[in-house]
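Residues annotated as compositional bias 'Basic and acidic residues' in Swiss-Prot: 7-17, 24-62, 173-194, 234-248, 289-317, 430-489, 571-625, 683-705 (among others). Per Swiss-Prot, the feature compositional bias 'Low complexity' maps to 63-72, 94-103 (among others). Swiss-Prot lists 135-151 (among others) with the feature compositional bias 'Acidic residues'. As annotated by Swiss-Prot, compositional bias 'Polar residues' applies to 275-286. Annotation source Swiss-Prot lists SUMO2 cross-link at K10. Here Swiss-Prot flags K28 as N6-acetyllysine, drawing on similarity to another entry. As annotated by Swiss-Prot, phosphothreonine applies to T115. For 1-211, 226-493, 527-705, the entry in Swiss-Prot reads region 'Disordered'. What Swiss-Prot records for 292-344 is repeat 'Inhibitory domain 2'.
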Amino acid sequence: MNPTEAKAVKTEPEKKPQSSKPSVVHEKKTQEVKPKEHTEPKSLPKHSSDTGVKHAPKEKAVSKSSEQPPSEKSTKPKTKSQDKISGGGKSTVPAAAAAASAEPADKNKENKLLTSAVPAESKPSKPSGKSDMDTALDDLIDTLGEPEEMKEDNTTYTGPEVSDPMSSTYIEELGKRESTPPPKYKELLNKEEGIAGPPPDSLKPLGPNDAIDALSSDFTCSSLQLTTCSPTADGKETEKEKSTEEALKAQSAGVIRSAAPPKEKRRKVEEDTMTEQALQALSASLGTRKPEPELDPSSIREVDEAKAKEEKVKKCGEDEETVPSEYRLKPATDKDGKPLLPEAEEKPKPLSESELIDELSEDFDQSKPTEKQSKPTEKTEASPAAAPYPVAEDVPRTSMCSLQSAPPTAAPAKGMVPDDAVEALAGSLPKKEADPEDGKPVEDKVKEKAKEEDRENFGEKEETIPPDYRLEEAKDKDGKPLLPKEVKEPLPPLSEDVLLDALSKDFTVPSDTSSPQFEDAKLSAVVSEVVSQTPAPTTQAAGPPPDCARDNKELDDALDQLSDTLGQRQPDPDENKPVEDKVKEKAKAEHRDKLGERDDTIPPKYQHLLDDNKEGTPGKPKDQRAQGIRNCGEKPAGAQDPIDALSGDFDSCPSTTETSTDTPKDKDKKPASVPKHLGNGGKAKDSTKAKEETSKPKADGKSTS
């Protein structure tokens, strides 16, 4: 149902009885004029066809009544008759639904056909005034086919009776209508102005005609009048305008100034309106939209673009080089062209209490000047100098919002400057005495009662150690505690003279010596320990005579003989004992033959070396030393004895035969046991001696020649 039709029904209630009295005589005429438009589908029930026949005389009566008024109001009865027909159709639909079970789709189609038949019935009564739009609509309606036949559903309901015990009661909201608010509240509303009234009974949406009228009112009419208070010029003015005014007033919540649209404009708009059924039929005659063809993905080709490379471009001003010379910052220079140093910012000095009081009490009551007391006041750059007030003006009562000052008692005298008043006020204050406690350090007022307590650490005493973790005394097999090992008495320290005498014993035998005599065993042990612990003292001996040439080889032999003269070291009983490994390893030792360990593993080209050793050179280092001593004794005439060469500076005696004869005796007495600290040195000497023996024949050949 169109909203314009509903409004037309509401606005003209006085014309309803005229058009609502149908005559039975006109039923046959309407059926003869338009038999096509009243044809109902065959499948419809009987009661639906009866209702259609009943509506026909009403439509005819409406068309006749609409012809009587003048042409200006001819459009209104049409809309009214349509509204009544549609209203009548609506009233008969529930009755038809109660009589038989017909589908709601058939009823809607039936109502549409009835409403579309109304403008077609007015053809014979008014053929001359028919517009082209009406004829086009009639032709379009004729092209529509009959509705499809629907099979009747004759199944009867055999279930239990359906009952709806619920009842609905409508409760009206307070203040929705003018009659609902209490009388006292109405008085308050009447007293206050500018408050919008209550909303209307039912807010109906504006139709297209009302919207067009409201929008085109300002263009068509120049004179403005208040719609809320303007009286209607025509006595037959309908309630349609009032309803539009109420709707506009509710939306804008204020007074709206608009002019009523002219009647000619309204008539044209109503004539041009098309019904919904005609628009639906027109849209159905249009063809369906063809779907767009889908794109074939195989036809799409990928475009290969060159790979973009990132290049870093220097921006203007990023570096100092890119900034133009005109825009570069130039440092400030003096007359000589040297850059000026930045001036140090002067920090404002903190104000004292007296200065703060002076500044705060500046605008308060100023006493009369008695004598100008000059007191120097330190003023910083931050506090600007106060300008003198004009003579006629009074000092303001307050300078700060948070301070409340007393009213001024007297106006300042002529020529009075606020600085003088501040100085006078500051001079009246006593001088601040220095607090002796200012320089003292802050003492803690909180006294702690913590005391230091000595606590024994766990394990510090044997009592605090658990029995499982205490050290057990070493016991023997019988369970007796082992006696502590006797500490060896440390040997007496020897002076440098005693050591020199012990070392040079074999070289010189001085007649008058007061050195203590030690046993050979003790002396050898002491000497070996001292040599191992401390380095031997360096003695500077006089150089050999220039006419006797000495060879490095002879010096080495002399040193070897000197090392043999050292006493024997007492063997340590625990030295040869194997070290017991507490960690038991499961690794098994495998014996592998080393190259040269047996005669079979020696290559044939090295066999002659072994044969030479068997014949001449012994394999042990002891025999090598003995052989070296023999070779030294068998030197040809002209070669000097190495012992004589070394002991020449120490011994003043000319005879050297005794020392040469004593050396084999000492060697026979002392076995070839080398001290522990000289073990590595002996091995090194053996290797050097083997090289020297090979070079001995060459040296002998040179000496003989």
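Each residue, glycine too, has its Cβ placed from N, Cα and C.
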Exercise. How do the residues of the compositional bias 'Polar residues' (275-286) split into helix, strand and coil according to DSSP?
Worked result: 10 helix, 0 strand, 2 coil
Problem set entry | DSSP-derived helix, strand and coil totals, residue by residue, for the repeat 'Inhibitory domain 2' (292-344) | 6 helix, 2 strand, 45 coil
Exercise. Where does the mean pLDDT land for the repeat 'Inhibitory domain 2' (292-344)?
Worked result: 79
Problem set entry | Number of helical, extended and coil residues in the compositional bias 'Acidic residues' (135-151), per DSSP | 8 helix, 0 strand, 9 coil
